[in-house]
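J.: Below is the structure I would like to discuss, written out as structure tokens.
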């Protein structure tokens, strides 16, 4: 019974090790990845109902119900996608142990050909009427071969790294797959809008993996936030951010901006957005007051914020302040929409009944916080893949020499670049007959 179970298990392993199976699984992963690229990911249900209606399915079949039921709205985190990753990794492991390692083991073994008949079965062979084995050994060493000499026989090889590299390629891909899978199971994405000067705890996850835990060991503090303008257009926006540990001590500080991130303890902070939340004002010599600002229109097309301000608690809001982005320009209107004054942040506006000073703006920076514990394994895998992928093109070549009655029989084979090997073989043969 146990033998039957082992045989059945071995059948599955050998099936996975088949190249055609690996290619098929890889194609399925590619199709899933393409679907995740074409179909918008992690949107609300109403988005898919609007863009993928049942009445007009894309390609005649793709509607929001199919997208949701198959999990194509979060394709890379579905159970079936994880299973495909595991199957591909299993295929690579099986191929490595059942095919690549035995090939490497065979390549390292000494294989002496002791008869001319056996040697002539090699990929290329020749007979030399002169030369000796000792001189042949030195010539092969000079050509970069590792040689093994026994009696009247020589076995030599070079380029063994070309046999090791496919194993390293498999290992690197397995590392990449493991990193991707681990990241999808343990990572999270958080979105925060933080006013300048505030300290917060991460609490607004927009994506959380099954095993993901939001790291609360560090709290971000926004020391400063500012925007650079070029010809009244936003050039770049910056955030001076600190990470505080649980005792309140600063453990890391950096100025980040778009395409410049802060990474610490497997957590990465991205600069993604910004907003103006309010104005700090002072009327006459009274205490300062804060007024919230609301955006007029769309921030991508309009940079206008507005707020209504009262002069005292007994009056209604009687004038309007329009702020023109963070360049500091602002305009004050009355209830009839007539412009009263214009100025900048910090200016004092004098009216008949009162004077108003706009002290500063209350700004907020938009940060996206990501944790992907598997990314370091992905990077390591790609580094190994680049190196091993390059070295896998190194040719593995073998030579055999038999000496009989001052006559040399020479044979050789290679796993690639046959024309180059034939030239090398001819050059070595020529050296062997030279006096």
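Numbering starts at 1 and runs along the chain as it is shown here.
Placement of Cβ uses the backbone N, Cα and C atoms for every residue, glycine included.
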J.: Quick test of your reading of TrEMBL: among 137-159, 160-182, 183-205, 206-228, where does it put transmembrane segment?
T.: 160-182
J.: Pick from 61-79, 80-98, 99-117: which range does TrEMBL record as transmembrane segment?
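T.: Per TrEMBL, the stretch marked transmembrane segment is 80-98.
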J.: Which one of these stretches, 2-20, 21-39, shows up in TrEMBL as transmembrane segment?
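T.: Residues 21-39 are the ones TrEMBL records as transmembrane segment.
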J.: Counting only residues 6+ away from its ends, which parts of the chain sit with a Cβ under 8 Å from the transmembrane segment (80-98)?
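T.: Same-chain contacts beyond the flanks: 13-14, 16-19, 21-22, 25-26, 28-29, 32, 71, 167, 170-171, 173-174, 177-178, 180-181, 184-185.
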